[in-house]
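J.: Straight from TrEMBL, here's the annotation block:
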type: ACT_SITE; residues: Glu113; note: active site, nucleophile
type: ACT_SITE; residues: Glu117; note: active site, proton donor
type: DOMAIN; residues: 17-229; note: domain 'GH16'
type: SIGNAL; residues: 1-19; note: signal peptide
Amino acid sequence: MALFLTLLLILFFPCSSNADWPPSPGYWPSSKFRPISFYKGFKNLWGPSHQSVDQNALTIWLDRTSGSGFKSVRPFRSGYFGASIKVQPGYTAGVITAFYLSNNEAHPGFHDEVDIEFLGTTFGKPYTLQTNVYIRGSGDGKIIGREMKFHLWFDPTQDFHHYAILWHPREIIFLVDDIPIRRYPRKSAATFPLRPMWVYGSIWDASSWATEDGKYKADYNYQPFVAKYTNFKAGGCSAYSSPRCHPVTASPFRSGGLTRQQYRAMRWVQRYHMVYDYCRDSKRNHALTPECWS
């Protein structure tokens with residue numbers, strides 16, 4: 001009788017475990033790109049003494065003296081950019097581990113940026129994964145962030161997971177293990193990055209804001225703070241590609257967008273694991289973020 005009731009529950013409530021793990025997206029864009037070695041696609045940007053490479057796995061770390069960062073060799077005007085990342089457990093408040101696109105060196109004070117950032121945490125609390133988009137305005141006192149934040153459905157300190165940005169002329173899609181967690185569509189040229197960007201990664205001290213709005217700072221009694229990257233993927237249209245280069249997409253659709261199954265997986269993530277959405281923040285001036293209501 002107990003077995004019969006169990007089978008009935010499974011039959012009529014097949015999604016009862018959905019709060020634990022996302023539904024399959026049905027499509028895996030990372031499988032369309034081959035891994036590249038670190039030195040083939042990237043170079044050290046700063047903190048060379050706080051960076052090491054072993055069999056294509058990159059380790060960077062932060063201590064009292066320095067953090068570290070790296071940068072792609074080529075700029076891109078669209079593409080798929082991913083890496084498998086593992087972050088440090090324990091007390092990491094104030095520490096940012098990042099993988100992102102930017103043109104800040106080409107356009108200082110007026111740059112574009114697309115971020116995936118792990119915001120460090122305190123004992124017993126999960127990491128926050130922050131996604132963000134900046135368009136032509138950082139360092140000039142008029143920075144406008146477009147943050148969405150998540151608590152992941154797994155512990156990112158226990159193993160490597162793949163984090164990626166798909167930048168298409170019509171949209172930006174953030175993915176975790178090929179599951180779309182956010183889609184940022186192009187609604188106007190004023191709210192979308194269109195200039196070529198490079199791929200970056202870094203670990204650094206952001207104590208002034210990273211953890212609970214700066215409440216908890218980096219504590220160097222726990223140094224070094226270590227981040228590991230592997231399985232680098234970067235493909236698409238470089239800034240030097242022919243104008244006929246066709247942008248890559250996150251779905252089987254050549255024109256971009258997501259499948260119904262991918263949307264279902266993304267809605268699950270946003271329902272159960274999103275902890276902040278700038279468009280829903282009543283304290284924000286949404287005249288500055290017209291994409292929230294247009």
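Note that Cβ sites are derived from N, Cα and C of the backbone, with glycine treated the same way.
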J.: Give me the non-local Cβ neighbours of Glu117 (active site, proton donor): same chain, 6+ apart in sequence, Cβ-Cβ under 8 Å, ordered along the sequence.
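T.: Looking at Cβ-Cβ distances below 8 Å from Glu117 (active site, proton donor), excluding near sequence neighbours, one finds Ile96, Thr97, Ala98, Tyr100, Leu129, Gln130, Thr131, Asn132.
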J.: Would you count the other C-beta atoms found within 10 angstroms of the C-beta of Glu113 (active site, nucleophile) for me?
T.: 21
